[in-house]
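The structure appears below as structure tokens.
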Amino acid sequence: MGGDRHLGARGFPAEAPRPAATATRARRDVAGSGTGGGEGGVSCRCCRPFPGAMLPTTSVGARSQGNGALSPRDAARHTAGAKRHKYLRRLLHVRQMDFEFALWQMLYLFTSPQRVYRNFHYRKQTKDQWARDDPAFLVLLSVWLCVSTIGFGFVLDMGFFETIKLLLWVVFIDCVGVGLLIATLMWFISNKYLVKQQNRDYDVEWGYAFDVHLNAFYPLLVILHFIQLFFINYVIIPNSVIGYFVGNTLWLIAIGYYIYVTFLGYSALPFLKNTAILLYPFALLIVLYLISLACGWNFTKMLCSFYKYRVK
């Protein structure tokens, strides 16, 4: 019996599967592969798509239902409170901060700010949030504030305690206080008037609005609190046409850069419309600049007098 053909279930010779039947089963397996296979859940291996052609999917544990809703655990991770807690927690761990990348952002905010906001797109795709989750930029900005304010106090011939008062004013009023006000105002305006009607499921994160302010504030800080220091006592403060021309021109560049970087920040969001209106303050800025030159207003001298008055 060893040389005989294999026997079927009832002892009769088993026939080889016919080509037509094989093709039919293959087609049936391919048609049922999307729902678990053909008959009995078995699918044809040779007819399945190769791995490179498969679309990226989300793991089963990340979804609670087939409609794409996040599970309660994942939804809790995306709340504003959870993001804020993660941000503040990393603020206490220096080793978790990427200072090299923050320095890269500071450099490109002067040379190519579009590249900085392109990185915000990558963060949205990978971490599902627009705002920074790394406080390294804020820490470096604070260092810049301290160094530039100390330089400002030295140029204005302030004492130690007066310089400390000026530092506290610049950090908590000029940067944080004004930043909170502007970020909240822009957050409200953008969500109320700039979000497209068909994208009402999207909104501007308040943290992103504050990041846009920090991005725009950094060039302004460098121009007015660092570059301007070299011209205050010898060019700007003396009552001359060149003095207030140089000082007011630096103010024009600094505030103009703030407006431009702010515009780039909100125009980078694909669900906003009519972001060009954020450039309209340019017209008012230029008019104010021309009036200041015609009237002999020296903005830098006014700022120095204000700082000296505040620290008394």
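Positions of Cβ are set from backbone N, Cα and C atoms, glycine also.
Residues or ranges marked as region 'Disordered' in TrEMBL: 1-40.
Under the heading compositional bias 'Low complexity', TrEMBL lists 13-24.
Marked as transmembrane segment by TrEMBL: 136-155 (among others). If one looks beyond the transmembrane segment (136-155) by at least 6 residues along the same chain, the residues whose Cβ comes under 8 Å of a Cβ in the stretch are 91, 97-99, 101-103, 105-106, 162-163, 166-167, 170-171, 175, 211, 214, 217-218, 221-222, 225-226, 229, 232-233, 307.
Residues or ranges marked as transmembrane segment in TrEMBL: 167-189 (among others).
With a threshold of 8 Å between CB atoms, the same-chain residues lying at least 6 positions outside the transmembrane segment (216-237) that come near it are 106, 109-110, 141, 144-145, 148-149, 151-152, 155-156, 170, 175, 179, 243-244, 246-247, 250-251, 253-255, 257-259, 261-262, 265, 298, 300-301, 303-304. The transmembrane segment feature in TrEMBL is assigned to 216-237 (among others).
Taken from TrEMBL, the feature transmembrane segment covers 249-272 (among others).
TrEMBL lists 278-300 (among others) with the feature transmembrane segment.
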Intrachain neighbours beyond the transmembrane segment (249-272), with Cβ under 8 angstroms and 6 or more residues off its ends: 109, 113-114, 117-118, 120-121, 130, 186, 190, 194-196, 199, 202, 204, 208, 211-213, 215-217, 219-220, 223-224, 227-228, 231, 278-279, 281-282, 285-286, 289, 299-300
Long-range neighbours of the transmembrane segment (278-300), counting only residues six or more past its ends (CB under 8 A): 228, 232, 236-237, 239, 241, 243-245, 247-252, 255-256, 259-260, 262-263, 266-267
Positions whose Cβ lies under 8 angstroms from the transmembrane segment (167-189), at least six residues beyond its ends: 141-142, 145-146, 149-150, 153, 204, 206, 209-210, 212-214, 217, 221, 225, 262, 266, 307, 310-311
